[in-house]
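Reviewing the structure listed below.
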Amino acid sequence: MVGFGAPRRTGRLPPFVLVALLAVIGLLAFNYWSVSARQAALHDELLGLQAQVQRTEVARSRLEKRNSELMMQSDSHRRQIEQKQGEYQGLGERLQARDIQAQRCELDKSKLQNNVSLQMADISHLKEQLAELRHEFLRQEDQLHEYKNNNTFLQKSLQEESQQCAQQLAERKREYEENLTKQKEELDKQPQKDEEEGGTVDNKMHILPSEVKEKIEDPSSNRLPFAQDGIKLESDAGMPEIEDNEPAKEDSLQNDVKGQDTGALPSQSKSLLEKQPSLQPLSFTEHEVKKPLPDKKETVQIPEVEENALQLEPHPLKQMPRDSKTMSFNLKQSRFFDENESPVDPQHGSKVADYNGDDGNVEDDDHDGQADAGEYHKDHLNETL
């Protein structure tokens with residue numbers, strides 16, 4: 001094939017015919033393409049319409065079913081309405097019955113209000129009675145406090161009376177000591193009288209040991225004046241038995257003999273006795289007296305007397321039932337109660353202490369402190385003696 005610029009050969013179609021044919025072919029191709037595209041669109045539309053028809057058929061069947069259901073529901077609603085109307089009539093009848101019952105309740109309410117007013121009056125009366133009972137309770141409580149105060153006052157008065165008794169006993173003991181010193185002075189003056197009389201001295205020296213022995217053996221002569229009635233201080237107070245005052249007299253006789261052994265004059269012995277501290281009564285409380293004393297017995301003998309002192313033969317004395325500490329404590333303990341007064345009942349004291357509560361414990365602590373002080377005074381007094 002030759003190009004357009006080449007010389008044209010003879011026997012062939014001209015080029016413009018070829019161009020026209022090509023244009024026709026293109027036009028036909030374009031028409032075919034547009035027709036095919038329109039056919040496809042129409043086919044699609046047909047398919048869509050068919051689907052829409054199917055959907056409308058389905059919707060129609062659904063609507064028919066829905067219509068049948070609605071008809072059934074309308075029938076059921078109609079029946080329900082008829083039933084509700086019957087229930088409404090029943091509720092109306094019940095409402096009338098409730099109205100009648102409400103009227104009855106109003107009547108009952110009025111009756112209850114009347115009863116409440118009566119009960120309120122009763123409550124006010126009971127409150128008045130309660131106030132009276134409270135006043136009575138307060139009055140009895142005041143009486144109880146007054147009774148407690150009276151108990152404490154009685155306890156204090158008993159303590160004061162016991163102290164007064166102890167002071168009286170101390171005064172009697174002082175009188176006893178004065179009488180004892182007078183007897184010692186008379187005993188010191190007796191040898192001088194015997195020497196003046198002459199031949200009667202030997203007879204009196206033989207009689208004197210027997211008299212001393214009888215005095216030591218006879219417990220009634222060694223007792224205090226207020227203890228000679230045979231009254232035992234042991235009573236329901238729980239106090240230990242107060243021994244006789246024989247050890248005190250033996251101790252004083254022993255001190256006298258010791259003073260004569262050392263060659264002391266009667267005036268010097270009297271001055272020594274005056275220099276000794278006086279036995280002050282200690283305030284023993286019931287708590288201290290209740291403690292039993294240890295029962296100790298020691299053998300104490302009077303030493304032999306020299307020949308130049310009264311010219312007495314050595315004479316052994318009887319055994320002392322207690323030592324010096326126990327003896328001094330027995331003397332103080334014997335001073336605690338008078339022979340005409342009974343000791344304080346320990347049960348009464350314990351009841352008062354239990355009744356007062358913590359006050360009894362505080363008094364026990366005070367009694368313990370007084371007991372320690374009393375023991376210290378006793379030890380110091382025994383050392384000085």
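Just so it is clear, glycine is given a Cβ too, placed from its N, Cα and C backbone atoms.
According to Swiss-Prot, the protein has these features:
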{"type": "TOPO_DOM", "residues": "1-12", "note": "topological domain 'Cytoplasmic'"}
{"type": "TRANSMEM", "residues": "13-33", "note": "transmembrane segment"}
{"type": "TOPO_DOM", "residues": "34-385", "note": "topological domain 'Lumenal'"}
{"type": "COILED", "residues": "44-193", "note": "coiled coil"}
{"type": "REGION", "residues": "169-385", "note": "region 'Disordered'"}
{"type": "COMPBIAS", "residues": "170-193", "note": "compositional bias 'Basic and acidic residues'"}
{"type": "COMPBIAS", "residues": "211-220", "note": "compositional bias 'Basic and acidic residues'"}
{"type": "COMPBIAS", "residues": "265-283", "note": "compositional bias 'Polar residues'"}
{"type": "COMPBIAS", "residues": "285-299", "note": "compositional bias 'Basic and acidic residues'"}
{"type": "COMPBIAS", "residues": "356-367", "note": "compositional bias 'Acidic residues'"}
{"type": "COMPBIAS", "residues": "368-385", "note": "compositional bias 'Basic and acidic residues'"}
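Per-residue pLDDT, averaged over the topological domain 'Lumenal' (34-385), rounds to 67. Per DSSP, the compositional bias 'Basic and acidic residues' (170-193) is made up of 24 helix, 0 strand, 0 coil.
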